[in-house]
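A short worksheet on the structure shown next.
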Amino acid sequence: MQSNGVVIFRLVLAFFRFVLVKMFEKISIAFLSLVEGLSMKGTAEDDVATFDQLSKRWWEPNGPMILLHRLNKLRVPMVVEGLIKVGKLDRKQRYTTDALKGLNILDVGCGGGIYAEALAKLHANVVGIDPARHLIEVAKAHAEAQSDIKDRCHYYEQSMEEHWQGAANKYDVVVLSETIEHVVDKSSLLKHVAEVLKPGGSVFISTWNKTSWSWLLAVVVLENIMKRLPKGSHDYDKFVSPEETEAILEAYGCRTIEQRPFYLKFWESEWVWVPFNQLTYALHAVKG
């Protein structure tokens with residue numbers, strides 16, 4: 001008969017062998033998925049198609065677009081605070097339910113309307129544009145079902161290149177949230193943004209910085225391992241640094257007055273402001 005020590009040793013050995021096998025399986029799957037994902041270089045049409053496929057689940061708070069829903073916690077207050085800083089809003093309006101009343105806002109790359117609706121609920125008049133047809137349909141249907149905002153939310157299946165014509169000096173605010181990193185010609189995009197802004201108008205941008213850390217989090221972790229972002233939806237070559245974004249805006253007469261880095265606590269799906277600028281950032285610039 002074997003001693004108790006030998007039996008225990010063999011049980012422990014078998015347990016660790018089992019753990020190692022499972023770990024190897026998971027690492028192999030993750031590696032193969034990662035290689036496939038990192039090799040994907042999406043065109044503009046690919047990006048539209050990717051997000052179009054998600055249209056049916058766009059408004060599920062804990063669905064595939066959970067990170068966009070959670071991002072409203074940062075990006076909506078930043079618009080209000082930013083407009084207070086430049087004198088477009090009174091400080092007393094900071095916490096009112098109609099803080100953006102009377103302002104005309106353009107949401108570029110609006111998707112299914114998550115950001116646009118949040119701004120409209122503060123009584124802004126919001127126009128959302130996006131080239132993804134199914135997402136515009138979702139945005140229209142969702143807004144139409146809400147009597148408090150349906151008259152202040154208007155959506156169009158358009159690119160910025162199509163929309164800017166005839167809209168010069170029309171908007172008090174333009175927002176581009178998680179949009180510019182999907183665009184190849186950033187200079188042309190921001191040129192049109194500047195053209196549709198009124199003199200003294202504000203543009204708010206949130207996007208991924210162009211660093212190895214942002215690539216690791218967005219493409220490797222969130223897309224290919226944790227599956228929190230649509231696979232293939234982010235191409236590192238299209239990421240843009242805050243310095244480059246500021247330089248392009250400056251060339252078209254928009255001066256950056258604030259740049260704030262933020263970070264995703266991916267284990268909690270929560271976005272928070274942080275003091276380091278290696279991952280994502282939000283930027284506020286003013287025309288004129």
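Backbone N, Cα and C atoms are what each Cβ position is placed from, and that goes for glycine too.
Where the annotation comes from TrEMBL, it is an automatic prediction and has not been curated.
Feature annotations, courtesy of TrEMBL:
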BINDING   Arg75, Gly109, Asp130, Ser177  S-adenosyl-L-methionine binding site
BINDING   Glu178, Glu181, His182  Mg(2+) binding site
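Residue pair Glu178 (Mg(2+) binding site) / Gly109 (S-adenosyl-L-methionine binding site) shows a Cα separation of 8 Å. A straight line from the CA of His182 (Mg(2+) binding site) to the CA of Gly109 (S-adenosyl-L-methionine binding site) spans 9 Å.
If you compare Cα positions, Glu181 (Mg(2+) binding site) sits closest to Gly109 out of the binding-site residues Arg75, Gly109, Asp130. Largest Cα-Cα distance over the residues recorded as binding S-adenosyl-L-methionine, namely Arg75, Gly109, Asp130, Ser177, equals 19 Å.
With a 10 A radius on its CB, Gly109 (S-adenosyl-L-methionine binding site) counts 25 other CB atoms from all the protein chains. Neighbour counts of Cβ atoms within 10 Å were compared across the binding-site residues Arg75, His182; the minimum falls on His182.
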